[in-house]
Amino acid sequence: MVEPGQDLLLAALSESGISPNDLFDVDGGDAGLATPTPPSVQQQQPPSTTTFVLNQINQLPTLGSTIVMTKTPPATTNRQTITLTKFIQTTANTRPSVSAPAVRNAIPPAPAKDQVQLKDLLKNNSLNELMKLKPPANIAQPVATAAADVSNGAVKKESSNKEVARVWINDMKMRSFSPTMKVPVVREEDEPEEEDEEEMGHAETYAEYMPIKLKIGLRHPDAVVETSSLSSVTPPDVWYKTSISEETIDNGWLSALQLEAVTYAAQQHETFLPNGDRAGFLIGDGAGVGKGRTIAGIIYENYLLSRKRALWFSVSNDLKYDAERDLRDIGAKNILVHSLNKFKYGKISSKHNGSVKKGVIFATYSSLIGESQSGGKYKTRLKQLLHWCGDDFDGVIVFDECHKAKNLCPVGSSKPTKTGLAVLELQNKLPKARVVYASATGASEPRNMAYMNRLGIWGEGTPFREFSDFIQAVERRGVGAMEIVAMDMKLRGMYIARQLSFTGVTFKIEEVLLSQSYVKMYNKAVKLWVIARERFQQAADLIDAEQRMKKSMWGQFWSAHQRFFKYLCIASKVKRVVQLAREEIKNGKCVVIGLQSTGEARTLEALEEGGGELNDFVSTAKGVLQSLIEKHFPAPDRKKLYSLLGIDLTAPSNNSSPRDSAKKARKIGGLTGSSSDDSGSESDVSDNEESDYESSKNMSSGDDDDFNPFRDDNSSLITSQDAVERAQQMKKDLLDKLEKLAEDLPPNTLDELIDELGGPENVAEMTGRKGRVVSNDDGSISYESRSELDVPVEILNITEKQRFMDGDKNIAIISEAASSGISLQADRRAKNQRRRVHMTLELPWSADRAIQQFGRTHRSNQVTAPEYVFLISELAGEQRFASIVAKRLESLGALTHGDRRATESRDLSRFNFDNKYGRNALEIVMKSIVNLDSPMVSPPPDYPGEFFKDVRQGLIGVGLINVEDRSGILTLDKDYNNIGKFLNRILGMEVHQQNALFQYFADTLTAVVQNAKKNGRYDMGILDLGSGDEKVRKSDVKKFLTPGYSTSGHVELYTISVERGMSWDEATKIWAELTGPDDGFYLSLQIRNNKKTAILVKEVNPKKKLFLIYRPNTGKQLKLEIYADLKKKYKKVVSDDALVHWLDQYNSSADTCTHAYWRGNCKKASLGLVCEIGLRCRTYYVLCGSVLSVWTKVEGVLASVSGTNVKMQIVRLRTEDGQRIVGLIIPANCVSPLVNLLSTSDQSQQLAVQQKQLWQQHHPQSITNLSNV
């Protein structure tokens, strides 16, 4: 019988990477190591230690062997830890009984002399003597050491082959110990675990979508899919009857699935939340499904029920035309759309605003915070809208693309933005309004949901009191948790999310090789930036700049750094894009090129400098660095300095006031900042700019007199003349160096593309910029405005779009900023029906963003699906981004060209790296580079030179490692484990260095993920059972009522048994059909416990020699094996030879785990714990239904029984009778406490029933409607 406390220790130990079993019995191997004669210090290794954070120690259970606790002396390290050291008794007598362990604060039974010596030496901190000291003889080889850092509480694993002194001085961190490389050794008993690594597969992630409960309307013109987890829950019954005209439905102006969304939204709007607000609805449809029409349908439905006023918020004013088109298309011609920004301040219904009494007011999020300077009663847009709606307003408010209304409610120290507060205030002031949120990434990013307070997920009457409670619960639980929230919302009828299937779409990855000259130029640029960084630092120190100024300066510096290298990356691809585009046009297709940013600001600056004259295309990259040096280099002008020194204090200094520079930053950041931000490079840039601007605004809002960046400690205003001179000189030198480099820097990508592809008359440009640089017939270069005689700038993009859709121009270039919501597909209604080829030069590194981008050319009602071309260079990580995006496209149904990605699918593409494993891997990488930690993997073998040394220099150059001035000690940047920052910054390293570093990061990530899998801590998102050949049966189901504010209200606990083995009969059936020369039965070369492994092998990819493997106990394996690996471990045999071994393992795996089968005993079983590794038949307990309503209860049980770290694993099942179940796996030891909790909360069940009855009294139409339906 296991004592209650032992669970805790086992959890803690396995968390630390120590196999709990090692504490209990002695493996033959281990015992052999504990020889009585002490070998020399060099060979002997320290005892295995697990360091617990202090507060865990009082919960330590009683253990059979001696436990020694040594308190760490505060002098040596700042971590409060206690080290638990494992000693294995090598005496002949048996173990002491488990009930009475010896726990003592002493050193183990080593010779007394040693003990004294060690104590004294520790007291005197005598390091040399300590190093000579031999460890006690009876200490076994370590398993691993783990140390919990107080700073972040996460347990990190360190390899245990550090010098012996480490343990004797209690894990003191010493710089001088060079980390020795640890080559992972495969122990023989690891092997059978491997086959169990992913016993649950990920099946296809999307399923074909059809409305289930609603049978009206025509089919959607294109195939639509939904994630499988959502498709396995059914929405509530429909009792609402829409008022939309038969004509609209019969003509298919609203398709069946758009009508479904309209109906559920209207039905949800009939219910109220516990706090009295009307419930809202979230449309999570992806790009191209027709969100616009669905919204128009909801507005129309309410208009017909005489709710004639509606508000529609979106990201750009251009989309107003789309809104009008959508309303017109569904037959709601009489509903007018008014732009909020065209109204004068004052009553909207007044005469001077055209007496607007009804219709839709269309506004952008930014216009919501508009304010008039002149005063008056309705001087803000918000007041205008509130007055127009009236207090009892029960019409529709639509928040379209609501994820774009950034930082509506940032969590943490930053304040919510004005826009965010306005959106919340609008909802709070109009509690009866019918709110609709629309966002394709609606429920994938929980933080984006902050302002969706009408969904009733948090607040009064829900498990989460505040939004922050909800966020904490969800983010702690990883990917799976968000899926549960989404499923729960669909169950309750408040969420719907479909995506256009990518069937028919093809994509290819074009690798652009970098020429020698380009790499040379790139490396030169890197060197210049490294020098610039040093000069900025030196100059700031010279003139003794203030902290605030430095912060602003570095914000600008890194923002420019990132943009500079982004531009260089993109420029390397221009030639290839031009070639490809010309080819595609020849083949009768048309081309769409996606860019993230336009570089307009640089062009304007160059123009200003040249007095309106240009003699060549402007180099955006050069402009970035030049403007940085000119505006933000800390070298004050002489004249300005004098004015600062008191001659005229009122003139603020251009170069020295961060307020100015922040304003400037805003100005130039207008285009470049925002576009680099949109590109998915969640960089340190945009955030810093924002925060620097805020902070500098706050600090300089006082009197200008008391703000001076050059004040020294004595508050005197004197800056040494000499220092200023030197700073000026540095600035001049930098600009000279830049001029030298500028000869090689590439020109503005957008202008070059347009020029190469035949000029503005052939290329439709849809971007946010106002002018462009063109080359004239005589070869001269000039700047011209984009606007044309008959077309105002506002609708220029729409005109250009029309020209493209009419076939006047066959090439379109779109920038991120201008493109949201624009449709460029080969529409059946458009003249230009050529197949679209969509090329992207810059992939965002989140797949969601990429899909959003591709939604421009892949939409409903198209004649042909587009082709995507990703252009990637060999710079750090671009291939990786491409494969992540490709992976997502494949799961949505797209096809690759040819078979070239078959190799990559075995590659790393399945790991998205912006997650906790990525951050963990990055932490290990960074720490190993500065010798704070030992590397998990060896550096890339083909790197010429000293990898760690070179990379260290490189990272110092890009500011991710800082050097302390006086001591020369290396420290890591505060955000050193921020993936986005890392990926952006390493672009500023020389080409071969960044590639090697990225490779090293990727290898480390693979190792981290493998470790997590081994320790059973890997969060795989949603897993599938019954997707392969397993047989899934329901053996029991318990139902529980749960309180809920609407019709939902129960959870079920299923007991599921899964049989996954393969009998000999089944195996021989497959074997009979095999044809390949290497197919057939194999036996393992290694014999363990007098047994061999039998497997059945089938070749699935002859070109790559990839084989599928079947095992007797676990059936078909997900992981394909390469032939070379197979040959190392197995030899081919005839079926008769395999028979005995196959049957033996098949029969024993019914109730014997792999360990017991191969070793004769299982450590876990000997403790009385259940071990299921390698079993043929497994039992799972799955909780489904409205899990969100009992979330806190489930959390409570899981935490109390299994410790806080148990992960929430979601599973998808398909039972033998075809039923689909999605839910949470409840660990076996949590089942009975959970059942008790759910069933004893009888009151809440009664309450739930009462709430339901009460609800039905309040909504009689639901009952009458039900009888009508």
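Keep in mind that glycine also has a Cβ here, set from the backbone N, Cα and C atoms.
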In Swiss-Prot, the member of S178, S934, S1232 to which phosphoserine is assigned: S178
Segment assigned the feature coiled coil in Swiss-Prot (from 327-354, 355-382, 719-746): 719-746
Which candidate, of S674, S683, S700, Swiss-Prot gives the annotation phosphoserine: S700
Among ranges 21-47, 75-101, whichever one Swiss-Prot labels region 'Disordered': 21-47
Listed as phosphoserine by Swiss-Prot, one of S675, S681, S701: S701
Model confidence over the coiled coil (719-746), averaged pLDDT: 87
Outside the coiled coil (719-746), six or more residues from its ends: residues with CB under 8 Å to it: 517, 521, 524-525, 528, 531-532, 535, 538-539, 542-544, 567-568, 571-572, 574, 619, 621-622, 625-626, 629-630, 633-636, 638, 641, 710, 712, 752
Most crowded position, judged by CB atoms within 10 A, among K377, K1098 as modified residues: K1098
K377 (N6-acetyllysine) and K1098 (N6-acetyllysine), Cα-Cα, nearest whole angstrom: 79
DSSP three-state assignment (helix, strand or coil) for K377 (N6-acetyllysine): coil
